[in-house]
Every structure is written in C-alpha cells, then in structure tokens.
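The divalent metal cation 1 binding site annotation in TrEMBL covers 32, 34, 124, 239. Taken from TrEMBL, the feature divalent metal cation 2 binding site applies to 169, 191.
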C-alpha cells in the first residue's frame, strides 16, 4: 500500500528506524496504545516503523477528554490509528493522580455520541483500586470505588447503545471489572490484566479477550496468563509508550511483534499461527476496525 494511504506524507517518506525485511507480509493489530502521548515527538516515524514491522491497525485509546480530542484529529491524518474514546478511572489532579469524578462523565459521553460512527471501541475505561490512586482524594476510598463503578457502568451502557466493544483497564480491580461487564452484557478487551487467572478465564468464558503486551518478556504474571488463556481469546497490545520489553524504556507499536514472538514461545507454536489467530480474534471483536493494506 502506498505510504500516503497509511499516514499523511508531503514528501517521500524516509524510514529512519529500519526493521528486517520479511518473506511474509504479516498483519498484526496493536489493540491498545496511546499515540497522542508527548513521548511521541515524531508520530509519522513511529507509524512507519510499526507498518514495517507488520502492524496494520493501532487502537488509539483515550484517558481524558483532551486525549479523546487529539485521537479524533490523529485518526483523520493517519488511517492506521483507529479511534477509541473513553474516560480512564484515573485522572490527572493538582497534586498527582486521582480517582475519576462523576462530574467528568458528561463531556466524554457527549463526545462519544457525536462521533459514534467513527469510533471502534469505548476506552480506555474501567476500574483502578490501587491504594495510591484512592489516596489522591479527600473522598473516602469506598465512595471512590462506587463512583468508579458508576463511571465505568455508564461507559458500558453507551458501548452497548452504539454497538461497540470496550477496551478495559482493571488494575487491582480485576474481578469487579469482569463482573460489571458480565452484568451489563458487554464484550471487550481486558488490557494489562493483573487479576487472578481464574477471573481472566471467567471473562474469557463470557466472550472477552485478554491482551498481551511486550512486557510479557519480563512479567511472570503475563506469562502465566499467556499460557492459561486459550489462543482464540488472546490478542496483542503495546500500551505504548508504557509496558515495553525493557522497564523504563519507551515502548512503540512496532514492539507488538515481540509480544507475538513471546506468546508463540510460551505456547510452543509458530509465530505465524499466533499472528494469524490474534489478528482474527481482534477483527472479530473490533468489527469496525479497518486495517490499512
């Protein structure tokens, strides 16, 4: 496919991050990333490297309303970036991270409904019961948890309303998030799932997917998940710029290949089989995604 159909190019593109040539034209999906983040000073170069690595669609997920606006702009310019709009359970505060508030829901709901035909999923939404997050507010922790559940529930409802899946964050709240999804009849992806394998399997049995990031190379928990979850319920993500193969080093969508390679190693399968199945899984879940050629 011509470069100008993948990203906006005024002159012939020069790929400065060269990747090995391959005999096969792979098609992988990065099911969770944050390409609007300040770390990506050269979006075009990042996407060129991803395309060279075989990535054909990147689900660009928001955390705040401001992120969502950036995502919509980027999707117009770079078709490889597939927009997902949602409100993260952790929001920036005056003195660090804090739990989301109920009065922050209306703006994202309005934006979602205004762009309901454009988005491929609702997210990043979910729950985060980490102690440091709950400590960032004067509201009692139990009340914060209930507010998070209401905010998440509202996003599950709008996802069902417009007919798209959810892209879910569930740090230290895995089984609560899974139960709310089941109760709402929502399907989607559990990103960076840190809960028990049993809770992940419960989600899988109810039609959800579990994503594996490049950090699987250094995460015993992700390795355990990759081994336990059937391949037909796994997909790949990077969570760029986070969750890279090396701790503290910026992650990029091209590294989705590393996640694929490690899942193949864990399951004793070929790279090609894992690539094909995870892509098929993602396309079945995120039916609005249109990979670039």
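Each residue's number is its place along the chain shown, starting with 1.
Just so you know, glycine gets a Cβ as well, placed from its N, Cα and C.
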Integer Å distance between the CA atoms belonging to residue 191 (divalent metal cation 2 binding site) and residue 34 (divalent metal cation 1 binding site):
13
Densest Cβ neighbourhood among 32, 34, 169, 191 (binding-site residues), 10 Å radius:
32
Tertiary neighbours of residue 239 (divalent metal cation 1 binding site) (same chain, Cβ under 8 Å, six or more apart):
32, 33, 34, 191, 192, 213, 251
Can you name the residues of this chain that are 6 or more positions from residue 124 (divalent metal cation 1 binding site) yet have a C-beta less than 8 Å from its C-beta?
32, 61, 62, 63, 84, 86, 88, 167, 168, 169, 191
Give me the sequence-ordered set of same-chain residues, not including 32, 34, 124, 239, with a C-beta within 8 angstroms of the centroid of the divalent metal cation 1 site's C-beta atoms.
33, 61, 123, 167, 169, 191, 192, 237, 240, 242
For residue 191 (divalent metal cation 2 binding site), the three-state class that DSSP assigns:
strand
